[in-house]
């Protein structure tokens, strides 16, 4: 490179001086030395640096020898370079004294640690390093030798072992069940037939066979645990199912009628499905169900779509934006091609499969990706006993397993990849309700279901079964009646159980659960303010005159406060007098009403006009004539003078006028 630059300069200048300088041997030597220096710098980049007490003298000698050949400013006297390979020392033309092999091994280990892992000042010479996988360490002495040292387990290691034990305990699925605390919601007196929790876990909805649906808000409730709304969405039809949409905005209500309803979070109706024509034989020609509904659920992937099944042997898919006709229809058929009634239906977690359980004991699965649901994708015709209802179908959270609960007292677990034989089965779980639930635990290791009471049994309970074998691993007493509906929210880690006596029980653990029912328990129960409203009919006349306008009804509290401010109305009546009397009141007489009336009768003066009412009126005639007040002043100027006849004149005329002849007195 230097030669090329020199040649370029000569060509550009063309001077003889530069040509002579190029022929000078001193310049050639300078270029060769420059090349050697570049090679030395490249080699020095790969040399490891290490401090050692044995290399102090050699290091100082090296710095003196290399001071002429190195590039840059001289190194400080305290700098002690070390070289791990003989080739690097030979390149500088220096001899390195041999060291003991154990010391070199130790130094290379330290050098590797310092270069790769450690940052900062070097570690102290006496350091005990614990060896991974054993309870021994290597202690380095000043003389360079190393010896093994036994290390006793410390308190930190014991704490780590304890943490490992607790970790094993936490892995046990039974320890994750929230059963330490219980809350009771009183819905009514009839069996709880439907339960629903929204995805966020803020609201609980309960439905019963008494036609009522109640909404409970955990954040708005206090310790009184009262629902904020109660309604009858389907009039006098039993509630069969309730389920929140994946977004939590809408609630699907499935009742004993043929029309499913969608209500919002506050209980107001959003949509009602249309009812089909009962006189059409082909169910595909009808726009909706023609018989009572059995079950329903939302599509987990399409938020506007939901599914219902009914006693008309059909499963229908609906769109929330089209309430006048179903989106698609599926006809359930038995082995011989005849109609069979679906009693339970659900979607898979990814929304691909549509599953229905029928009264002939079969479980039928259709592919949702196909537009026409003519042929089933998978089916098991002998999944449960023929003639028994399948009360619940539930997919696991991993989506590979399907659990089915039947009224033949069985619970079975299926693998949808091999749908011919169940993975496990349990046939000792009594079931007497057409809506008994089964749910998976949030970690997918347990299955939970309710038990129906038989005759003379009084212990209602729920059972926890191992997913692999479906063997009962735990039983929990709930109430004195059957347990029908069960929910286990994965986010809250709280369980809700609906019982046959109308009570809803919620179980939680403050250490394992989150929010939910724990939000309302910290609030004190509000005191009821006994305020009475004046019960009177109030006619509102906003445009009436002020003299005719009625005031608004007020509570008795404000009315009493206003009266207390009035000194006349707030005056206390006088107490009865005991004794001779005080304050001008005579105690001996007039203390009672009868004494007062008798006293007034005795002291009253006789009235001369008592028997002459005409005279009592005419006694005021002279005063009225002299001082007119009512009518006469108005007509004073135009009133004519009254001329009355004297009654004495009438008497005289009667005396003077002879009467008839037959009335004259006969003489003699």
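Any Cβ shown, glycine's included, is placed from N, Cα and C.
Per TrEMBL, the features are:
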type	residues	note
COMPBIAS	80-97	compositional bias 'Low complexity'
COMPBIAS	98-111	compositional bias 'Basic and acidic residues'
COMPBIAS	131-153	compositional bias 'Polar residues'
COMPBIAS	154-171	compositional bias 'Acidic residues'
COMPBIAS	557-574	compositional bias 'Basic and acidic residues'
REPEAT	185-217	repeat 'WD'
REPEAT	286-322	repeat 'WD'
REPEAT	347-367	repeat 'WD'
REPEAT	383-424	repeat 'WD'
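In terms of DSSP helix, strand and coil, the compositional bias 'Basic and acidic residues' (557-574) has 9 helix, 0 strand, 9 coil. Within the repeat 'WD' (185-217), the DSSP-based counts of helix, strand and coil residues read 0 helix, 19 strand, 14 coil. Secondary structure of the repeat 'WD' (286-322), assigned with DSSP and counted as helix (H, G, I), strand (E, B) and coil, comes to 0 helix, 19 strand, 18 coil.
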